[in-house]
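Student: This is the structure I want to talk about, given as structure tokens.
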Amino acid sequence: MRGLFVTGTDTGVGKTEVACALVRAARAAGLDAVGMKPAQSGHVAGEPSDAERLREASGGVEPLEAICPYTFAAPLAPAAAARAEGREVSLARVVEAARALAARHAAVVVEGAGGLLVPLTARETHADLAAALGLPVLVVARAGLGTVNHTALTVEALERRGLPIAGIVLNRTGPEDDPSVPLNAAEIARLTHREPLALLPWEPDIARRARALGSVLAAKIQF
């Protein structure tokens, strides 16, 4: 399977917008890429869900249930959200859905929920999913204070499991003036021996931000 697994150091770090930007950039370059969200939970009514955003970035070529096999109401990790509804997530079903997309498209960008060790099923985490898919992992991290620890821990967890790392992207998700931002990339590189691929700038205009992310990521990430 060709593609990427997009994980985060936390929830709310911008995984979905990075995954969407990657899909759009790949498609603009002529690569038939499609996004996938194995499980989503806690969708806010009146706003597009992560899966809907990925479907739109993918050109709307797949039905929503192919993009996202599991949807839950409660804003919880997938395993907990499934339990709350008397349901269970199957890793095998998610892998089968990803392989089905890979059979129809040249590349699949899979966006996890939360961070790497967030429980996906009653027994497996998103790290187990990344391993089962065999995709290199792109780590999306916040750019500001606290990211050094979160990013180093995520990289360590990936390395301990022998999972390939496609890179680290630091993402500014707001206009806050944080004096740690210019320093964090170098500190992460020192601790992990991995230079972050990009520091994505903050842009309040959603359309311009999407274009900016796409251009930066297209130049840095190949899959």
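Here the Cβ of each residue, glycine as well, is placed from N, Cα and C on the backbone.
Per Swiss-Prot, Mg(2+) binding site is recorded for Thr16, Asp50, Glu111. Among the features that Swiss-Prot reports, active site is placed at Lys37, with the record citing sequence analysis. The substrate binding site annotation in Swiss-Prot covers Ser41. Marked as ATP binding site by Swiss-Prot on the basis of sequence analysis: Asp50, Glu111, Gly112, Ala113, Gly114, Asn171, Arg172.
On this model, are these features tucked inside or out on the surface, and what's nearby?
Tutor: Around the Cβ of Thr16 (Mg(2+) binding site), the same chain contributes Lys37, Asp50, Arg53, Leu54, Glu111, each under 8 angstroms and 6 or more positions distant in sequence. Secondary structure from DSSP puts Thr16 (Mg(2+) binding site) in a helix.
The Cβ neighbour count for Lys37 (active site), using a 10 Å radius and every protein chain shown, is 27. In the three-state DSSP scheme, Lys37 (active site) falls into the coil class.
Non-local contacts of Ser41 (substrate binding site) by the CB criterion (under 8 A, 6+ apart in sequence, same chain) comprise Thr71, Phe72, Ala73, Ala74, Pro75, Leu76, Ala77, Pro78, Ala81, Ala113.
Classification of Asn171 (ATP binding site) by DSSP places it within a strand. Its own atom aside, the Cβ of Asn171 (ATP binding site) has 23 Cβ atoms within 10 angstroms in the protein chains shown.
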Student: List nothing but the one residue from Glu111, Ala113 whose Cβ has the fewest other Cβ atoms within 10 Å; the candidates are the binding-site residues.
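Tutor: Output over binding-site residues Glu111, Ala113: least Cβ neighbours within 10 Å is Ala113.
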Student: Within the chain of Gly112 (ATP binding site), which residues six or more apart in sequence place their C-beta under 8 angstroms from its C-beta?
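Tutor: Those within reach of Gly112 (ATP binding site), by Cβ under 8 Å and sequence separation of 6 or more, are Phe5, Val6, Thr7, Gly8, Lys15, Pro38, Val118, Leu120, His126, Leu129, Ala130.
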Student: Quick check: which same-chain residues outside Thr16, Asp50, Glu111 lie with their CB within 8 A of the centre of the Mg(2+) site CB atoms?
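Tutor: Output for this site, in sequence order: Val6, Lys15, Glu17, Ala19, Cys20, Gly35, Lys37, Gln40, Ala51, Arg53, Leu54.
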Student: Near Arg172 (ATP binding site), how many other Cβ atoms are within 10 Å of its Cβ?
Tutor: 18
